[in-house]
Amino acid sequence: MRILSSSDSEDGWTSIPSEPINVVVTGAAGQIAYSLLYQLAAGSVFGPNQPINLRLLDIPVMMTVLDGVIMELEDLALPLLREITPTTDPNVAFKNVAAAFLVGSMPRKEGMERKDLLAANAEIFKVQGKALDQHARKDVKVLVVGNPANTNAWICSHHAPSIPKENFTAMTRLDQNRAQAALAARLNVSVDKVKNVIIWGNHSSTQYPDAAHATVNVQGSTKPVPSVVNDDNWLNITFVEKIQKRGAAVISARKMSSAMSAAKAAGDHMRDWWIGTKPGEWVSMGVLSDGSYGIPRDIVFSFPVAIENGQYKIVQELQINDFARSKLSNTSKELEEERTEANNVLQNK
Ligand code: NAI
């Protein structure tokens, strides 16, 4: 199978019809999957010429709900969708998959600490890591959406030693999209005019949404966002807090967590990983730290990455000022603590 490359056609997609690829979505009966599955079946993630077989994993009590989702998938009448396999067995779900969306997880219940959430999810991601190790393609691209996403991705990769660690990523694209939209609203431009805003660190309230390197196109000329905004207090406090707390604001209004926007972000993340980013542009992904920017190694940390031929590279040599440095160290500290917790949980099993 060919990895789609941005050189294949003007819009980035190959025009050569391909064999179907197997794609797994976990938590397939849940909210995010409900919006994500349409994007996958319609070709907006893997391209309009890439047929797919969907593997849909959920837990036994959700199988009736999943039946309904499958009826709807059939009724979409989309030609790229070749096979659908509903299952409760990770060994079936992960067989020969080329891409994995790990959305399913134990939700946070009232009064539950982040630590308890981590413990509940560590076992799920251990089991799925092992199943990926045994059954998936060795070049599988894994996107973890289920929270705590960064540490779940770390757990998963540690239980899949035969798959390169670079193939495990966590989703911070929703945070990036939120940040891009907030800057566009502030500057009164459409979102496509704002580029290269960065989410550093954990997909949690310690994340650092950073507009210092972002650009905005105003009337045909590209300018640095900080000089156009011209309000450091807004950028360093109001903007940062708005993005950090956006998920909670959606929950408070909708009484459910972000789903449509999370699904769109998951599609964006995988599509860019699959076909690449445009020259000079980058996106944020939680990836295993290689020590770039002084971030401790062996945590899944969100960095700006540029992607070519299905491989991402952390964007290097961005200037980090003292303010940004303190934010980066705060969020990396939280990820180190989560890793310690995850290790404790897994060792005590
Ligand atoms: P949901 O509760 O609607 O769906 C979750 C689904 O996962 C349920 O159908 C559940 O049965 C299933 N599930 C539970 N354990 C499973 C297992 N072991 N194997 C397979 N499936 C399993 O939740 P929703 O809204 O779809 O969110 C899913 C996750 O995504 C949550 O952890 C949420 O916090 C997270 N999330 C992450 C975001 C990010 O930016 N990284 C943004 C928004 C949500």
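Backbone N, Cα and C atoms are what each Cβ position is placed from, and that goes for glycine too.
Because TrEMBL annotations are produced automatically, they should be read as predictions rather than curated entries.
Keep in mind that what you see is a predicted model, and the values were worked out from it rather than measured.
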Residue among ASN147, ASN150, ASN152, ASN196 sharing the substrate site, where TrEMBL lists ARG108, ARG114, ARG178 as binders: ASN147
Residue among ASN91, ASN121, ASN177 sharing the NAD(+) site, where TrEMBL lists ASP58, VAL145, GLY146, ASN147 as binders: ASN121
Cβ-Cβ under 8 Å with the coiled coil (321-348): same-chain residues at least 6 beyond its ends: 114-115, 118-119, 122-123, 126, 148, 150-151, 154-155, 200-202, 204, 206-208, 210, 212, 236, 240, 289, 293-296, 298-301
Secondary structure content of the domain 'Lactate/malate dehydrogenase N-terminal' (22-168), with strand meaning DSSP E or B: 67 helix, 29 strand, 51 coil
Cβ under 6 Å from ligand 1: qualifying binding-site residues of ARG108, ASN121, ASN147, ARG178: ASN147
Inter-residue C-alpha distance, ARG178 (substrate binding site) and ASN121 (NAD(+) binding site) (nearest angstrom): 26
Cβ packing number for ASN121 (NAD(+) binding site), 10 Å threshold: 25
VAL145, ASN147, HIS203 screened against ARG108 (substrate binding site), Cα within 10 Å - retained recorded positions: ASN147
Number of Cβ atoms other than its own within 10 Å, given for GLY146 (NAD(+) binding site): 24
